[in-house]
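Okay, structure first, notes after.
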Amino acid sequence: MGDIRLPRHMFLWCLSAIYLFAFASLYVQIPGLYGNEGLLPARWQLRVSGKSVVEQLKDSPTLLWFGPRLGLDTQQCMELFSLTGALLSLMTLALPPLRDCRVFLVLWILYLSLYQVGQVFLYFQWDNLLLETGFLAILVAPMKMPWSSKVCLHDNVTFWLVRWLLFRLMFASGVVKLTSRCPTWWGLTALTYHYETQCIPTQLAWFAHQLPVWFQKLSVVGTFVIEMAVPFLFFSPIRRHRLTAFYMQVLLQVFIILSGNYNFFNILTITLCLSLLDDQHVNFWLRRPTLKTESSMDKSSLQNLFSGLAVMLEVSVYALLGYWIVQYFDLQVDWEKKRVSSKTAFTYFEFNGFLKTVTVPSIWIGVLCLAWEIITAMFKCACVRGVLWRLWSTIQWAVMAAAAVSMFAISLVPYTYFEYDANSNLWPGIRTAFEMTDRYQLVNSYGLFRRMTGVGGRPEVVIEGSMDRNTWTEIEFMYKPGNTSTAPPVVAPHQPRLDWQMWFAALGPQTQSPWFSSLLHRLLQGKRDVVKLIQTDESLYPFSKQPPAYLRAHRYKYWFSEPKADGSYPERWWRRVYVEEFYPVVYLGDSYLEQMLVQHGLKDKAPPRRSSNAWLPRLLRYVGEHAREMPAHLLLWTLFSSAATVCLLNSLRSRAHHRQHESLQNQHTDKPAAGRTCSNVAEKNEKKHEEEEEKEEVTKDDAEEDGKEQDKDATSEEEQEGEIEEEVSAEETEEDSLRKRK
């Protein structure tokens, strides 16, 4: 790994934006989800038990235990933490000096505190991924002190942990698709169902769903290659391998972003991919010149030899990867029909054998790469000048190396979940350390889209309300499919958590979703905070003036509509078919509804605390009333664009200041140079003047000699002898004068 200063800055900047999205998205939903009159009040998770604060923190590590000391109830404390996290991440996004390890520690603690009481609405894999990435950011971010340097020698060690997390995420996501024995993944037909059955598709998902089947199957093959084969290139010593892997991973995430609303998850994955870059490639993006050092002829020839071998190895890896793809997926090109056929050419037992062969070597590859980074950083610390600086660098290196080894060790437990033998052979001490830190979500297991749902049609729950039990009106949600004529929205990076849980509820009976009874109960009561989870604009809610007297829920199956025979687009995006009753007709005081609430522990046993009129609760209420009037995804993009604008202005100002500084330096360097050039010109002029004088004297002497030669013919020999003597004496006097001049 080369210099990673620029990718590290980009990683921290992107993570600040993701924290902003996560906190702000959750903030606008807290009253409806976790409020005192919400679906799952968070105060039920923090019941007074008579334990000390230390014991309570051990049971549930959250700062919400300190809410009563601030005069806040659980809902207000959650709003305070979310608002604080959003504002702090916004400032961190806009101001580079705030991207410090202590700031990221505060952000991680705040999100962990919310996660502990989030219950089913906050137990998503991207929430776990954000907590794990956020903890790694504490190690990656610098600790800015007056005596600290800008470059830390242990940066490569801690930043390597981000690459290891990316490897675990992608490799596990590919493996679980096949270990689940899902027939759609094994038959390479998963994407023929995915686009219409995902939680909240975009409009582009409709067009992607219309692609031919052979292309969908080929896309599944590409997904397997990117998620299971390409991640091993993350640890390749060849730089172009890592860059190729980076672009392939980013390409997959961009396609997912375009076709589905997965909040900040794909942006977070792309942020992890930055660990594959170096300063040289980022400078290539920015069109900045890179400094090249001169080398001797022997060294350049040796470098050419190694570069040639590296190119041969690189091409060999690509050729071997292509051969495996063709061999194990039986790719065949049909030139007449202009398509590529594919199928799975290996069995489940052969795949298990592949896992047994690959899992342990992948761990040792990680061990060797981490050891290389640690040893390289150690030698850099040993070369630091000054005893005190060398001691300080060595202490930093020792602490960060120990932290990196510890994080790598405990991550092996969730990483090996899919392979029993490798998991059972781990050292027991690693298991003990993992169990001790599991409550803090430092490391997690991942595996996305394990099984493809909605193969026979997308199940969807539709809630209907009535005032007289005869006329029923559908309650349409803002984001999830309901009305067949409504176009799929674009809401990322916001995650409407109720809409997501409605998607999960439709996959099974209503008894598997206890919160659904609470939803119907709150709608019958007409709770405004819960209604805002369904429609931010209450005028679009059919029972905004008076809550419904009766509610029921039906299950439908949805499919994307097909284009017309003439190629024109249909008027409706969806088509649906009624399946069955999901929840019977209920009303306030209904025995069945009361029984379900009591059975699932959703009945209030004690009234909530009275809201305080202190300045902090009043401030929280004021901010909440104004912030929740705007649609959540617009609020998120407004905050992000404002911070990005500040960053852009700061960068332009710093560039202008840098250019002015360079121009001033050039002016200072030009002044002595100009003085030297003036003196040189004066010396040259003086020399030219002396040479011209010498030439004039020489020409005068020549003219005198010519005149004397003419007189010689007319005079006698005696006169000639006298003239010769005079000439000799004249020459002697001229030589004396020249010597004096010199």
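Cβ atoms are placed via backbone N, Cα and C, with glycine included.
Database features (TrEMBL):
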| type | residues | note |
| --- | --- | --- |
| COMPBIAS | 716-735 | compositional bias 'Acidic residues' |
| DOMAIN | 123-283 | domain 'Lipase maturation factor 1/2 N-terminal' |
| DOMAIN | 442-584 | domain 'Lipase maturation factor 1/2 C-terminal' |
| REGION | 659-742 | region 'Disordered' |
| TRANSMEM | 12-30 | transmembrane segment |
| TRANSMEM | 80-98 | transmembrane segment |
| TRANSMEM | 105-123 | transmembrane segment |
| TRANSMEM | 157-176 | transmembrane segment |
| TRANSMEM | 214-235 | transmembrane segment |
| TRANSMEM | 264-286 | transmembrane segment |
| TRANSMEM | 306-326 | transmembrane segment |
| TRANSMEM | 363-383 | transmembrane segment |
| TRANSMEM | 395-418 | transmembrane segment |
Segment proximity, the transmembrane segment (80-98) to the transmembrane segment (395-418), 3 or more C-beta pairs under 8 Å: no
Secondary structure content of the domain 'Lipase maturation factor 1/2 C-terminal' (442-584), with strand meaning DSSP E or B: 33 helix, 34 strand, 76 coil
Long-range neighbours of the transmembrane segment (363-383), counting only residues six or more past its ends (CB under 8 A): 1, 153-154, 156-157, 160, 164, 167, 232, 235, 390, 393-394, 397, 401, 404-405, 408, 412, 415-416, 422
